[in-house]
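What TrEMBL records for this protein:
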type     : residues : note
TRANSMEM : 64-81    : transmembrane segment
TRANSMEM : 112-130  : transmembrane segment
REGION   : 158-201  : region 'Disordered'
COMPBIAS : 180-190  : compositional bias 'Polar residues'
TRANSMEM : 231-254  : transmembrane segment
TRANSMEM : 260-283  : transmembrane segment
TRANSMEM : 295-317  : transmembrane segment
TRANSMEM : 323-343  : transmembrane segment
REGION   : 354-393  : region 'Disordered'
Amino acid sequence: MARIMANAPTWAVVLGTMRTDELSGAAWSAVRPWVSSAASALVTLVQLGQFIPQHIELYQRKSVVGLSAWTIFFGSLYTYLTMIDYLVQSRGVWLRACTRGWLVCFTEIQPFVQVVGSWLLVSLLWFWYLRYEKLDEARELQRIRAGIVFSDSPADAHWKSPRTETVSKLTSPRPGPSTPLLSTDENSASDPEADATPDPQWWHAVPREHRRHAHYRHHRYYFDDSAHAALFFKIFLLVVVLVAVPAAGLIGGYDTGSGWLTVLFADVCGYLATLLCTVMWIPQIITTYTYGHRGSLSTLWVLFTFISDVVYSLYLAALGVPFSVWANNVPDGLCAVFLFFLIRVEERRERENTSKLHAPAGASVEPNESPGGCSGVCDRLRDSQRSSECPSM
């Protein structure tokens, strides 16, 4: 007993330990708002930053070849419905939280910034897509006017897509009558602009009936139907208006029931957003696989989408949010990973085809990068000096 009493802590030690715990708790209480704000800002940065690479890619390439209009259509609708779901359910709670100090306001406003910013950044992709889709049409038309045509000659093929039967090969700028042509332009031989440098603003002079003309375009597939991009955009605007009207009424407090209509409307928007998010990348996967190249799709966008899904899911799980809220991140992340590795495989295959195109007969070559990221057909176009602008691949 004496030994136990000798080893027992004194009251001074107990009080000192309690005071230390209180100080630690007080210190954590003081630091916790800053940690929460930093974590929320990091999630917002990752959530919004995933879309920036695609904007840069479209601006640099000035082309939408290989980028599925369906993916942008589904993505813009998905982010819009997610934003409506949040705004209807929160009904300005994040705004009222700003009365408790700027730090609390900064933390509470992050979900609003995330959903609204995501919708604005994805919707802005329509601006680039509709603009450069017309420019792609004009480039194709001007190449035909310049006499740059393709021949379907399997016996003399230099480049072949691994999954298409059509073999495309560049012929001479003034082919003979026996060469199968894309377009029978009788004035192409005497056109003074035939060998001119393609004008970036050429599409302003393209007649309306030629913009939808079905010229040969190897990037035209069902899930990359950029010819209907304008229709998709109009449908998107129609959905925005039809959903915004009842949402504004519910946010304004015009629910005649006991709140069940607000909950039902928000749940429907959330379920539709989850469905669209789940299938958003599937058209792009089909387009990339069929096209055999990433085209104007940004690899960083795909990679950062996966990173954003992981970070956002961990963030919501740490906050105790139910799994059903962030369950859509699981299929979205899996599709993004699959698409990322598909792009890497197609880039490897393209480098091999480019090396075979330039290699002497019977020579064994290692795949290398084509200058400017173009395919072998584009290199032949540049080497023959038929045009100074390389098709965006």
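The backbone N, Cα and C atoms fix where each Cβ goes, and this holds for glycine too.
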Closest-packing stretch to the transmembrane segment (323-343), where packing means Cβ pairs under 8 Å, from 64-81, 260-283, 295-317: 295-317
Contact between the transmembrane segment (260-283) and the transmembrane segment (231-254) (3 or more Cβ pairs under 8 Å, separation 6+): yes
Chain residues in Cβ proximity to the transmembrane segment (295-317) (below 8 Å; excluding those fewer than six residues from its ends, i.e. six or more beyond): 39, 42-43, 46-47, 49-51, 53-54, 56-58, 61, 63-67, 132, 219, 284, 288, 323, 325-326, 329-330, 332-333, 336-337, 339-340, 343, 392-393
Residue numbers, six or more beyond the limits of the transmembrane segment (64-81), whose CB comes under 8 Å of its CB atoms: 58, 115, 118-119, 122-123, 125-126, 128-129, 132-133, 136, 219, 223-226, 228-229, 232-233, 235-236, 239-240, 243, 269-270, 272-273, 276-277, 279-281, 283-284, 286-288, 291, 293-297, 391-393
